[in-house]
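**Q** Quick paste from Swiss-Prot:
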COMPBIAS  717-732  compositional bias 'Acidic residues'
CROSSLNK  LYS195  SUMO2 cross-link
CROSSLNK  LYS532  SUMO2 cross-link
CROSSLNK  LYS534  SUMO2 cross-link
CROSSLNK  LYS567  SUMO2 cross-link
CROSSLNK  LYS569  SUMO2 cross-link
CROSSLNK  LYS670  SUMO2 cross-link
CROSSLNK  LYS689  SUMO2 cross-link
DOMAIN    253-453  domain 'Ku'
MOD_RES   SER258  phosphoserine
MOD_RES   LYS265  N6-acetyllysine
MOD_RES   SER318  phosphoserine
MOD_RES   LYS332  N6-acetyllysine
MOD_RES   THR535  phosphothreonine
MOD_RES   SER578  phosphoserine
MOD_RES   SER580  phosphoserine
MOD_RES   SER581  phosphoserine
MOD_RES   LYS666  N6-acetyllysine
MOD_RES   THR716  phosphothreonine
Amino acid sequence: MAWSGNKAAVVLCVDVGVAMGNSFPGEESPIEQAKKVMTMFVQRQVFSESKDEIALVLYGTDGTDNALAGKDQYQNITVCRHLMLPDFDLLEDIGNKIQPSSQQADFLDALIVCMDLIQRETIGKKFGKKHIEVFTDLSSPFSQDQLDVIICNLKKSGISLQFFLPFPIDKNGEPGERGDLDSGLDHLKPSFPQKGLTEQQKEGIRMVTRVMLSLEGEDGLDEIYSFSESLRQLCVFKKIERRSMPWPCQLTIGPNLSIKIVAYKSIVQEKFKKSWVVVDARTLKKEDIQKETVYCLNDDDETEVSKEDTIQGYRYGSDIIPFSKVDEEQMKYKSEGKCFSVLGFCKSSQVHRRFFMGHQVLKVFAAKDDEAAAVALSSLVHALDELNMVAIVRYAYDKRSNPQVGVAFPYIKDAYECLVYVQLPFMEDLRQYMFSSLKNNKKCTPTEAQLSAIDDLIDSMSLVKKNEEEDIVEDLFPTSKIPNPEFQRLYQCLLHRALHLQERLPPIQQHILNMLDPPTEMKAKCESPLSKVKTLFPLTEVIKKKNQVTAQDVFQDNHEEGPAAKKYKTEKEEDHISISSLAEGNITKVGSVNPVENFRFLVRQKIASFEEASLQLISHIEQFLDTNETLYFMKSMDCIKAFREEAIQFSEEQRFNSFLEALREKVEIKQLNHFWEIVVQDGVTLITKDEGPGSSITAEEATKFLAPKDKAKEDTTGPEEAGDVDDLLDMI
């Protein structure tokens, strides 16, 4: 089909004669198959925002409506839609107006009407291509009297033809066999008349073959498609193919060497256009909705203020730091302009693939028609390739952009050579995690048989097939040719909702699900290794033993006074800390494995200041919360409790209170409600002035701090004193 990047004028010429509606039981009629092909083609054009203009002409209709119609000429031919941009109305016309009739019309007459429509409606417009697509089963009679004249006018006007038939045609212009097309889906199989082709259809094939050979030569038969072949090619929505814009710049190495270059985006992450708008639910019009923004003070009267009386503020902990427009402009990075400067070189082995980041990949070429630049860049590319080196580059798109640091590595192909640029992370972009070693746990040490089984499984799941004889590597799962299922699902649902307002959305199309399945060849190869792994790694249910609680545990003697008991607990913790510190060696910072013990050790031994150690602990708390897992929530709680205890002991109450207030705001922003419920249940609140002299928080304020913001604040009553053992026995 004509889905070229150039603007095209396309006429869909559809046979709706009586024979197009005939079908055998269990088969779709030719007209239904033709409607499917046209629908898929038009919906591609709609969602790709194509500038092509499309018209719709039906022949074999009960009525007549075209500019050439006379008393006995060009009858039963209807121009259903003139040339215009495709839209959902055209899709509705294809679905509703294309129905089989009781008449027939001359195919060549319909072709003349289409040619006339293109010539008249393209006057004053620029089109790269003019195209007619014919959908027919060739059952309608036709007169070949003017065939040579039609072919001559098609060539003269630069109009190309494509035919879409219910059955395939081979390279010799003969009807194909049932086995000619290998279809993976039953509903895409070619439709063959069970009693063979009629004489009229055979005559039509000869006429179509003659026309296409006259227009396109031997390649003309490639423009004759079967409905099933077209459906397979069109079953995936495609976005418009955008031509990469050149980015000219100077590649500089030191102060004295510069090379004129031009860069193109090779890979860029495709994103949805933000086209969602709010409309009135009854009229479905955007204009019926008015949006008004009002700024109010956070007081009882909600006093309204004008936008001119407001400025931006940056929230830092519990404080808001004001920033005016002047401040924002002064804060912005002032760049000298676009830049592609080499900072230095390093071995390619030092730049690991896991460091690649960003949303695009650039290919850097020498400037066009600059021989000196081409020689210089080629020398650089080959030198890097021979030495296994890469260039570390400072990249800035323009003077408004913040600079990036990236890697440029050589890329040499038979047809061209260039540098490929990928962004690298800064220090803040890296996430460091520490995990306990599996090697130190003897229970986790695999046997040789288990290691061998996993090796075999990995080998069997390889998505690369190597042909040893031809030394060719074949990709069994080419991701660059697999459409994004998110886009496909959105387009499918938008199309369905536009045409069927009241119906439920359809399920995901099966061919999309099939594309995401592992290759059949790979699944067959990994069956045996999988069964071997299942045998060598048996899964057994672990039943957690309940801790038996004795009467002594319940009614334990507690003759110690409060302060003494607290002192005993502290000494016990210190013993534990010293033992763990001996196991870990010299502790110089708070780690992620034992953050509580590390924190206590650092502040008590005065290896680090309380401020420094607390900042390290807070960093780990934030990392634990980012995982959004209950296990790490509990670990965060242990850290917070330790922070609170040590803050009281070292008179750092205000530091802990500021942290907890900032934590609550962060929890609300990230919607970590489950974690905050744990905080409330454990009663971890602000440090009051009764607990530490450095705090100004009252007990009432500390209690209100844990109360939900959306609920009315209620006065809290003090906890009742716990009863003694005798009271408990009386209750029993």
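Just so it is clear, glycine is given a Cβ too, placed from its N, Cα and C backbone atoms.
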**Q** Over the domain 'Ku' (253-453), what is the model's average pLDDT?
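**A** Mean pLDDT for the domain 'Ku' (253-453): 88.
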**Q** Going by Cα-Cα distance, pick out whichever of the recorded sites LYS532, LYS670, LYS689 is nearest to SER318 (phosphoserine).
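**A** That would be LYS670, nearest by Cα distance.
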**Q** With LYS670 (SUMO2 cross-link) as the reference Cα, tell me which of the recorded positions SER258, LYS265, LYS534 is the closest one.
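**A** Ranked by Cα distance from LYS670 (SUMO2 cross-link), first place goes to LYS265.
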**Q** Can you tell me how far the Cα of LYS265 (N6-acetyllysine) sits from the Cα of SER258 (phosphoserine), in Å?
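**A** Roughly 22 Å, rounded to the nearest whole number.
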**Q** When the Cα of THR535 (phosphothreonine) is compared with the Cα of each of the recorded positions SER258, LYS332, LYS666, LYS689, which one is closest?
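**A** Of the recorded positions SER258, LYS332, LYS666, LYS689, LYS666 has its Cα closest to that of THR535 (phosphothreonine).
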**Q** Return the count of C-beta atoms lying within 10 angstroms of the C-beta of SER318 (phosphoserine), excluding that atom itself.
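**A** Its Cβ has 13 other Cβ atoms within 10 Å.
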**Q** Of the recorded positions LYS332, LYS532, LYS534, LYS689, which one has its Cα closest to the Cα of SER258 (phosphoserine)?
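**A** Closest candidate to SER258 (phosphoserine), judged by Cα separation, is LYS332.
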**Q** What is the Cβ neighbour count of THR535 (phosphothreonine) at a 10 Å cut-off, with all protein chains included?
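**A** The Cβ of THR535 (phosphothreonine) has 10 Cβ neighbours within 10 Å.
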**Q** Between LYS534 (SUMO2 cross-link) and LYS666 (N6-acetyllysine), what is the CA-CA distance rounded to a whole number of Å?
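**A** LYS534 (SUMO2 cross-link) to LYS666 (N6-acetyllysine), Cα-Cα distance: 44 Å.
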**Q** If I take the Cα of LYS332 (N6-acetyllysine) as reference, which of the recorded positions LYS532, LYS666, LYS689 has the closest Cα?
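**A** The answer is LYS666.
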**Q** Check each residue in the chain of LYS532 (SUMO2 cross-link) that is at least six apart in sequence and keep those whose C-beta is under 8 Å from its C-beta; list them in sequence order.
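**A** Looking at Cβ-Cβ distances below 8 Å from LYS532 (SUMO2 cross-link), excluding near sequence neighbours, one finds ALA453, ASP456, LEU457.
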**Q** Around LYS666 (N6-acetyllysine), how many other C-beta atoms are within 10 angstroms of its C-beta?
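**A** Within a 10 Å radius of the Cβ of LYS666 (N6-acetyllysine) lie 13 other Cβ atoms.
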**Q** Starting from each candidate's C-beta and looking 10 angstroms out, tell me which of the recorded sites LYS534, LYS689 has the most other C-beta atoms.
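**A** Checking each of LYS534, LYS689, the winner is LYS689.
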**Q** Taking the Cβ of LYS670 (SUMO2 cross-link) as the centre, count every other Cβ atom within 10 Å, in any protein chain shown.
**A** 13
